[in-house]
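Worksheet: one structure, shown below.
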């Protein structure tokens with residue numbers, strides 16, 4: 001891996017309404033979401049990204065289509081990049097969902113909401129994508145377009161953090177993180193590129 005760009009989709013209609021999306025296919029991008037995707041597309045074109053992978057959920061795929069129009073790259077869709085399945089919590093407001101989930105459950109990487117996935121389930125499937133030839137067989141930058149919980153877990157895993165102890169990271173709509181790991185180095189670096197004003201430059205031991 002030379003450079004990996006982790007991208008959250010632009011704002012969706014359910015983001016705007018404060019609803020838990022999970023793996024629902026209904027939410028589409030808002031006008032703001034499309035503008036955020038256009039900013040992402042310009043950034044990725046500027047760094048010369050070689051390949052784009054995306055969740056197949058509508059809000060992510062619409063983001064990928066905007067990136068494709070600017071970069072000229074055909075995105076690859078993967079169900080493994082879908083947001084964490086949240087089962088019975090999907091469709092609730094974020095406050096309603098929070099009221100149903102205790103603090104102990106929320107911090108347990110192996111806890112699953114009814115009909116949903118644990119954070120460790122998400123870690124396993126996303127790690128499989130990042131270790132696949134679609135990501136590893138290129139010398140140039142690769143972009144992965146996905147979702148908030150997926151990116152939090154992916155960053156924690158890349159930095160070698162224990163999911164049970166990983167800090168909360170802000171991953172707003174349209175966020176872009178650059179991950180670098182030079183061959184032979186023991187450190188992975190994660191830098192926040194978008195949105196402007198979202199601070200963050202992290203490093204951690206590379207996974208063996």
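Note that Cβ sites are derived from N, Cα and C of the backbone, with glycine treated the same way.
The active site, tele-phosphohistidine intermediate annotation in TrEMBL covers 9. The 10 Å shell around the Cβ of residue 9 (active site, tele-phosphohistidine intermediate) contains 31 further Cβ atoms across the protein chains shown.
Residues or ranges marked as active site, proton donor/acceptor by TrEMBL: 83. DSSP assigns residue 83 (active site, proton donor/acceptor) to coil in the three-state reduction, placing it in neither a helix nor a strand.
If you look up TrEMBL, you'll see 8, 9, 10, 11, 12, 13, 14, 15, 59 marked as substrate binding site. Taking all protein chains in view, 29 other C-beta atoms sit within 10 angstroms of the C-beta of residue 59 (substrate binding site).
One way to see the shell of the substrate site is to take the Cβ centroid of 8, 9, 10, 11, 12, 13, 14, 15, 59; the remaining same-chain residues with a Cβ within 8 Å of it are 16, 21, 27, 28, 29, 30, 33, 173.
Here substrate is bound by 8, 9, 10, 11, 12, 13, 14, 15, 59 per the record. The longest Cα to Cα distance in that group is 15 Å. Listed in sequence order, the residues of the same chain lying 6 or more apart from residue 12 (substrate binding site) and placing their CB within less than 8 Å of its CB are 21, 27, 28, 29, 30, 33, 59, 173. Taking CA atoms as the reference points, residue 10 (substrate binding site) and residue 83 (active site, proton donor/acceptor) are 14 Å apart. Around residue 14 (substrate binding site), the same-chain residues six or more apart in sequence whose CB sits under 8 Å from its CB are 20, 21, 24, 26, 27, listed in sequence order. Taking the Cβ of residue 83 (active site, proton donor/acceptor) as centre and 10 Å as the limit, one finds 25 other Cβ atoms among all the protein chains shown.
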